[in-house]
Amino acid sequence: MALPKNLIPMPRSRFLRVKCIDCGNEQIVFSHPATKVRCLVCGATLVEPTGGKGVIKAKILEVLE
């Protein structure tokens with residue numbers, strides 16, 4: 001009997017480096033947020049929760065591991 005490659009599955013959630021569309025501020029956010037994530041500079045909404053993966057309203061620059 002063959003063993004599966006990953007005995008411990010990796011999480012599907014990630015941290016993302018995003019750039020605010022309004023002011024250009026770069027910020028690190030979670031991909032599955034429980035609350036609204038706002039820009040620290042201008043207050044614009046960057047990510048909205050949906051009960052799972054959030055709706056990202058900013059430009060994704062990098063996916064952090």
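For all residues, glycine too, the Cβ spot is worked out from N, Cα and C.
Note that the structure is predicted; figures quoted are calculated from it, not measured.
Features reported for this protein in Swiss-Prot:
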- Cys20, Cys23, Cys39, Cys42: Zn(2+) binding site (BINDING)
- 20-42: zinc finger (ZN_FING)
Cβ packing number for Cys42 (Zn(2+) binding site), 10 Å threshold: 12
Those residues of the chain, 6+ apart, with a Cβ under 8 Å from that of Cys23 (Zn(2+) binding site): Cys39, Val41, Cys42, Ala44
Residues satisfying Cβ distance under 8 Å from Cys20 (Zn(2+) binding site), sequence separation of at least 6: Glu26, Gln27, Cys39, Val41, Cys42, Ala44, Leu46, Ala58
Model confidence over the zinc finger (20-42), averaged pLDDT: 97
Env. residues of Zn(2+) site, Cβ within 8 Å of mean position of Cys20, Cys23, Cys39, Cys42 Cβ: Ile21, Asp22, Gly24, Asn25, Leu40, Val41, Gly43, Ala44, Leu46
